[in-house]
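Asks: Got a structure for you, written out below as structure tokens; questions coming shortly.
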Amino acid sequence: MARIGESADLLKCSFCGKSQKQVQQLIAGPGVYICDECVELCNEIIEERLAEAGEEASSEFDLPKPKEIFGFLEEYVIGQEQAKRSLAVAVYNHYKRVRARQAITAADAIDDVEIAKSNILLIGPTGCGKTYLAQTLARRLNVPFAVADATALTEAGYVGEDVENILLKLIQAADYDVKRAETGIIYIDEVDKIARKAENPSITRDVSGEGVQQALLKILEGTVASVPPQGGRKHPHQEFIQIDTTNVLFIVAGAFAGLEDIISNRAGKKGIGFGAPLHSKGDDINLFSEVLPEDLHKFGLIPEFIGRLPVVTTVTQLDQDALMQILTEPKNALVRQYQRMFELDGVQLEFDHAALEAIADLAVLRKTGARGLRAIMEEVLGPIMFEVPSSSEVARVVVTKEAVLENAAPTIVPHRPRREEKSA
């Protein structure tokens, strides 16, 4: 390090290394120097960080109205109109409640009306957009979002995950900013798999069913939970992260296979013998919209768990038209995604209308919903995606109905030969 008494040629900025002659001014500190250029650069960095922090703070107070939330969901999620409306209202009311609680002073809190939290239960078949709806909501609201699988959870003290590990995922999604995590969204999937195995309470302990429901009660309602920072089981010599779940929105979802029979029996819509009314699978799925708490209790959810999920909404099985729309219409439609991938190799990808219909029909036949569309696209395009990057002659790939249904190769259109090559 250069000293003050040395020649000016030896004095250099400790950050960029420029000499005193190369800069306008060199500021001396205790054993270090900084030039005017580095000072200006540091000021720019600080201003950018402050601006980013301001944007984050302002985004936290940007609460869209239900119609705006619905409109955003419309851009990305096809169908499920009733579910989108219910979710838009429920999410708006939840965060309106959060803002109201944050604005109340300690003195006003005594006399103010306390609004209870309204968690959401989503019921519907697999591949119909339950998880995607929740993910899209979180992205619009700019809040931390975590997905958990209820089947991995067990009651405390047994092999498996504790319910507190769900909260750890949310904290990790918020980059360990606990305050931000406390206003996030947790999506718990496969909640129907933790239903009690029998309608009557069992003598033996149901550690992955009723036991998990009991363990979830407190965090659903709102409590200060102790979360192990590295996950896993708690032990006494470990530091814990304290998180308040009062303002965390829980969206729990499941397929609830067999629930339609319970609803139908309760409503008297099932009969036996030759006089029994005929009904289709579509009628069964529409029965979900008539679900009552007593049906969920008979399915295997305990009353206390049902009571903490006051907003119940359903999604319906996607038909061919809806799957066709999912393939082509949303901003991140599956067809557009694959077209973009081919574009990166300089190749244009096209689909015949009949090919898209065949893909949608296959997804309906396999009963995999929207989730199965990508698997079918991979089956159809996999071989050609292997060949295209190695060939410079391919200009266009056209996917036909035969390529989908008969494993035929998609049509390959080569580049047009240049005029010089023609004249030769």
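Note: Cβ is positioned from N, Cα and C throughout, glycine not excepted.
Source: prediction; values computed, not measured.
Relevant sequence annotations retrieved from Swiss-Prot are reproduced here:
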DOMAIN    1-54  domain 'ClpX-type ZB'
BINDING   Cys13, Cys16, Cys35, Cys38  Zn(2+) binding site
BINDING   Pro125, Thr126, Gly127, Cys128, Gly129, Lys130, Thr131, Tyr132  ATP binding site
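Show me how these features fit into the structure around them.
Replies: Of all the Cβ atoms in the protein chains shown, 13 others lie within 10 Å of the Cβ of Cys16 (Zn(2+) binding site).
Around the Cβ of Pro125 (ATP binding site), 20 further Cβ atoms fall within 10 Å across all displayed protein chains.
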Asks: When you measure from the Cβ of Tyr132 (ATP binding site), which residues in the chain that are at least 6 apart have a Cβ under 8 Å away?
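Replies: Within the chain, Tyr132 (ATP binding site) has Cβ neighbours under 8 Å at Tyr76, Val77, Ala370.
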Asks: Run through the Cβ atoms and count how many others sit within 10 Å of the one on Cys13 (Zn(2+) binding site).
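Replies: Step by step: centre on the Cβ of Cys13 (Zn(2+) binding site), count other Cβ atoms within 10 Å, giving 21.
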Asks: Have a look around Thr131 (ATP binding site) and count the other CB atoms within 10 A of its CB, chains all included.
Replies: 17
Asks: Tell me, roughly as an integer, the mean pLDDT over the domain 'ClpX-type ZB' (1-54).
Replies: 79
Asks: For the binding-site residues Cys35, Cys38, Cys128, which one has the sparsest Cβ surroundings, going by other Cβ atoms within 10 Å?
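Replies: Among the binding-site residues Cys35, Cys38, Cys128, the sparsest Cβ neighbourhood within 10 Å belongs to Cys38.
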Asks: Look up Gly129 (ATP binding site) in the DSSP assignment and report helix, strand or coil.
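Replies: Looking at the DSSP assignment, Gly129 (ATP binding site) belongs to neither helix nor strand, so coil.
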Asks: Measuring Cα to Cα, how many angstrom lie between Lys130 (ATP binding site) and Cys13 (Zn(2+) binding site)?
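Replies: Computed Cα spacing between Lys130 (ATP binding site) and Cys13 (Zn(2+) binding site) is 57 Å.
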